[in-house]
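Data first, discussion second: the structure below is written as structure tokens.
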């Protein structure tokens, strides 16, 4: 009870609660020292805890080393402080020192020590701590045993985690949730669901990992099912579902859930907004992206490197290069992600030379480029037709920055050569690639052949594509188009007959998106599934009639009756 504590001790405790920085901690410890209370384990425990909360561990270590006979509470505070400040080795050493001093551990000691073993990835030490837990009589303590379940999960021993869990005589909701998370972490969603389904009580901490686990495996329907069944949802729940849709390229659904979340009065955090902005970028949903940006500014969010790079990318992909550059220039801090985003933005908009100048500036500012940077650099050269520059940067990437070219880098170079009409150079590079060319690269070469009317190399590319993707109609259709352009109808007939014989039809009709009143609508060729399809076709028929009356009859394959 506070009234039983001497007044000068109460005064120091009050001072510790008000500590906000290193100077405050120094003043508090000076008060402890002046009152000859540096051996008072209760006060030293509180002081170490305050140091840990502020991340100022040096003062805490100093106070700890001054205590001649620290008790278990001081040791516990010091071990936990080391863990909180991500110093697992020091935490384990402190624990060993405590054991060496014959100080008996408590149920509060072991969870911190086990967490230190997780952070330090020291499986053998963790096993030893497990043995000590059993010897100390904590084999029934749910708090301690739950920390072991988490430990074995994090070091990749989910079977041991399951064994500890199964042998627990009593389990609380946190223990059940930890076991669910352990199976999710291991990618074993069947076992996770088995445990989840028999939980006597569930919290959001058990629902959220399940949604995240299904998301990572692409099991969107399972994630949706759980999300809809949740009795209550927190910010993490909503963010997990938004992430689920985004990771599985269902961007319209991601934005719909984001909008529903806000409608339910849940304020998004930075992580949620970054995911939503990324979805806007993929859909070209500029108005929604702008609204999220303004929301962040209105509500005092710091536009940091994560939000900043997402906004740069979104504005660029929505066609607003100037706004993308404004966001970049206003960033207080710029990391590699931000530079990559702005270089890619300039490249995608055809400003090749400007993108290269931005890259040069980045290197001058001591930002080390990575493989993604060079994809943007080579794309810039491709968009601007800078063959010599692209060839030089492709060589420099390995020579000066020790970045081995991956299939994406080769793809950029093939695209560069194809656009410039250097089809022989493109084919020669493909034959000497350090990695096997994929179907996308062969498709790039085939498209280049169509552009420059090179039937000889087109045959090579098409035959390779027919081997890699035998059921895909793309290479057949391109060859048909090329032969039709030079009136070689016999070849056209042969290819169409071959397609029919293989049962190949044109698949994946082209689709497009439009954003209307903050709703994103997707349309495919000959669309029949949209909720307002009748009104759409009625308007098209009206436009068709007006064009026909004006003597400008369009060539349409299909008009709705």
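Keep in mind that glycine also has a Cβ here, set from the backbone N, Cα and C atoms.
As recorded in TrEMBL:
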type: REPEAT; residues: 71-105; note: repeat 'PPR'
type: REPEAT; residues: 172-206; note: repeat 'PPR'
type: REPEAT; residues: 234-268; note: repeat 'PPR'
type: REPEAT; residues: 335-369; note: repeat 'PPR'
_How about long-range neighbours of the repeat 'PPR' (234-268): same chain, 6 or more residues beyond its ends, C-beta under 8 Å?_
204, 207-208, 211-212, 214-216, 218, 220, 223-224, 227, 275-276, 278-280, 282-283, 285, 288, 295, 299, 513, 518, 520, 522
*With DSSP as the yardstick, break the repeat 'PPR' (335-369) down into helix, strand and coil residue counts.*
26 helix, 0 strand, 9 coil
*Tally of DSSP helical, extended and coil residues in the repeat 'PPR' (71-105)*: 26 helix, 0 strand, 9 coil
